[in-house]
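In what follows, a single structure is set out as structure tokens and then discussed.
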Amino acid sequence: MEKKTLTLWVLSLFLLVLKTSNSLEEGLESTRMHDYAKYHPMEEIYTWMEEVERGNPELVSSAVYGRTYEGSNITLLKLGLENPEGKEKKVIWVDCGIHAREWIAPAFCQWFVKEIVHSYKTNKKLEQMLQNLDVYVTPVVNVDGYIFTWANESTRLWRKSRSDPPPNSSCYGVDLNRNFNANWGTVGVSFDSCQNNYCGKAAGSEPEAKAVMDFVGKMVNQTLCFLTIHSAGQLILLPYGHPQITAPNYDELVAVGEAAAAEMKNVHGMGYTVGTSPQILYANSGSSRDWARLIGIPFSYTFELRDKGEFSHLLPEEQIQPACEEAYAGALSIIANVHDKTFNSGTRPNAAVSGVAMGILTIMVVSFTAGVKV
Amino acid sequence: MCVLQLTIMSLRIIIVLAVFTGVTGSPSVTVRPEADSVYVTAHPNSVPETGEETGFFGKLEVLVEDETEEDMMATGELNPNHYPAQRAAKVVQHYLNTRYGSPYRLLGLQRVHSGNAEDVEDSGRKYQLEISVQEMIGNTTEKCSAEVLFPRGEGQRSPQVQASCEQLLKVNNTAQEEALYKLFKTNQSLLSAQNLPDSYGHIEPDMKPLWHLSIVASSAVMLNESTENTLYNMAQVANITQLATENDQVKFDCHVLLHEMVSQEIIHWKLLFTWSPPEGVKVLQMEQLPHCHDCEKPPNTN
């Protein structure tokens, strides 16, 4: 090769490397600058997702897996590391913001990603789990509804999607968490489009719900755990929402749920009640949690985060950090339990609580709450 | 920061070196189909799930007994964490706030310890509860015994509550209340506020007493409207305006948003109420406002 050409090659390569590492640095910088203790409008969340991906390419990738009614992207972040033995990765699903007004939920998804990004290199257990699991996180499922709650003070408490009114109605939106294909339209729903638990015209009629079902449906055989994050009430709900239907692994779901609630209480003393929706809240059908359990995902939970009625959905920003810290402990408890059942099979009795996982978790939680600078 | 920059630098060097030594490609990944790890155990009460093969996995063929909602209500000893006891206990919270609430005393249901329900012939359904209640401003907790009777029969009647708490009135707020009362009575311009809390959950410290007063006034509505099928909390004060003081009572007109958890609806109420330290909060008028669905047109988005 001519000397001139070689020099040109080296130069362009060097510039490319420079650009890549610059954006890496930028990405890492901006995720550190993103204020996780504040609520963010959708544009900022989209930007943040790009930055997290750009800043952590070895861990984070993104995917657009659907479009909302108004045409916005439904985007997820996939967190995972290469498996050193090339084994097939299992899947954990976490979604936030199915209900527009539950702002603490998208805040938690951002917090969840941030914690993993900032700690996986120094936490052996987390690193191991990420080598075995891909964690799919959707910060906002109901993008249209979320954007609507930011429009002005009078729209803040909107719950549903923003689909057009059906014929003979002037009321917008469908309760996406009543639209999933799980005993759709049977209980805890309304067929009146003006109501807040309107279940839509058919199961999966809404593009947001359909997007989740299509995407997760393709990976159902690898999916171990489905967590859907909501507020409020401080509850951990297990399937099913129908009062006469019980999940085959009910006892185990309770045990894993109770272990999570115990971890959550350890963080800031807040109590979370564990049970099925008909037991501790109300009967309902068509929820994402029920759909996930129904198609065979063994562990499926709805998290209802803070609080218990003082502020309800208008949770003050100064509670974002503590709410997310305890939710993180709970989510990780479930993920670790599910992971250990699957990947350390034969070394554990049927009891759901993994002593080692709990011990490591406690260390993790303590170190996080002991002033992790954001 | 230094570590970061060092890492980036060494990364750059490695990349350059790697390019020169011609290392390429990503490790190959073989996907070995693994045994189905879906954990399924036979649970005595479980219903076998229809699988994807039928294509109708959204529906379960289940024999659902034809039960009325009343039959499904638990009788006798209640699980304190389950919704029947929790809903009844929330009614006690509303009752306690109407009786004892003030700008500096606000009660919140903290826990239900035990509960019991029984049908009372020709009357309705009576709940007996042992609960813990938290005074939210001073952050003290105390135990209460309470009875809630949800009436059955003709007409909309509110639940009837009896409650005795160990030491509810022992905390002395008199000085603060008198100071606030004086402020309300003598200020030059009548107070007014909107959106308490705001979209971010924020309330200006000066506005907190108005927020507390609104919660107390709303508790009268929430108490009246409660049934075994509701769970009310006040979500937000849309608007509160002070009116002229009358008979030594400071007077307010407010528009509140109540959150009813079971239906997940936001219900708008207009309230006219008075307050003074000796008399407490008295609701003079309450009116439910119809929520305008036509108003929720999408804003001009690009």
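Each residue, glycine too, has its Cβ placed from N, Cα and C.
Values in this document were obtained by computation on a predicted structure and should not be read as measured data.
As written in TrEMBL, here are the features:
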ACT_SITE  A:Glu304  active site, proton donor/acceptor
DOMAIN    A:38-338  domain 'Peptidase M14'
SIGNAL    A:1-23  signal peptide
TRANSMEM  A:351-372  transmembrane segment
Excluding its own, the Cβ atoms lying within 10 Å of the Cβ of A:Glu304 (active site, proton donor/acceptor) add up to 22
Name the secondary structure element type, per DSSP in three states, that contains A:Glu304 (active site, proton donor/acceptor). strand
Let me know the model's mean pLDDT on the domain 'Peptidase M14' (A:38-338). 98
